[in-house]
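Annotation comment: Swiss-Prot describes 1-10 as compositional bias 'Basic and acidic residues'. The compositional bias 'Basic residues' annotation in Swiss-Prot covers 11-23. Annotation comment: Swiss-Prot describes 1-23 as region 'Disordered'.
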Amino acid sequence: MAKKSSIEKNNRRKKMTKNAAPKRARLKAIIADKDLPMEERFAATLKLAEMPRNSSATRIRNRCEITGRARSVYRLNKLSRIAIRDLGSKGLVPGLVKSSW
């Protein structure tokens, strides 16, 4: 089980990213627009740099929904390999069978 502080920190980052996404998108569009004057694009770059780091989507860590584990998490179902194995052995994951050959 991951530390509760790590899980909460990641949840705060998700919330902050969701709130700041439209503003970040606008600033990035201004920066990428080659038709605008260089001063305006540079000002947008400075505004983007002033935004909180945690409002960037790259700061979010994929974590297991059950255990909070950060490594070996499958994006499809948001579960770690350990959680999938436990649920599969209990028969809670449809179609998952123990392999034998």
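From the backbone N, Cα and C atoms, a Cβ is placed for every residue, glycine too.
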| Which numbers of helix, strand and coil residues does DSSP report for the region 'Disordered' (1-23)? | 20 helix, 0 strand, 3 coil
| query | List, by number or range, the same-chain residues at least 6 past the compositional bias 'Basic and acidic residues' (1-10) whose CB is under 8 A from its CB atoms? | reply | 60-61, 63, 67-70
| Tertiary contacts of the compositional bias 'Basic residues' (11-23), as residues 6+ beyond its ends and Cβ separation under 8 Å | 51-52, 54-57, 59-60
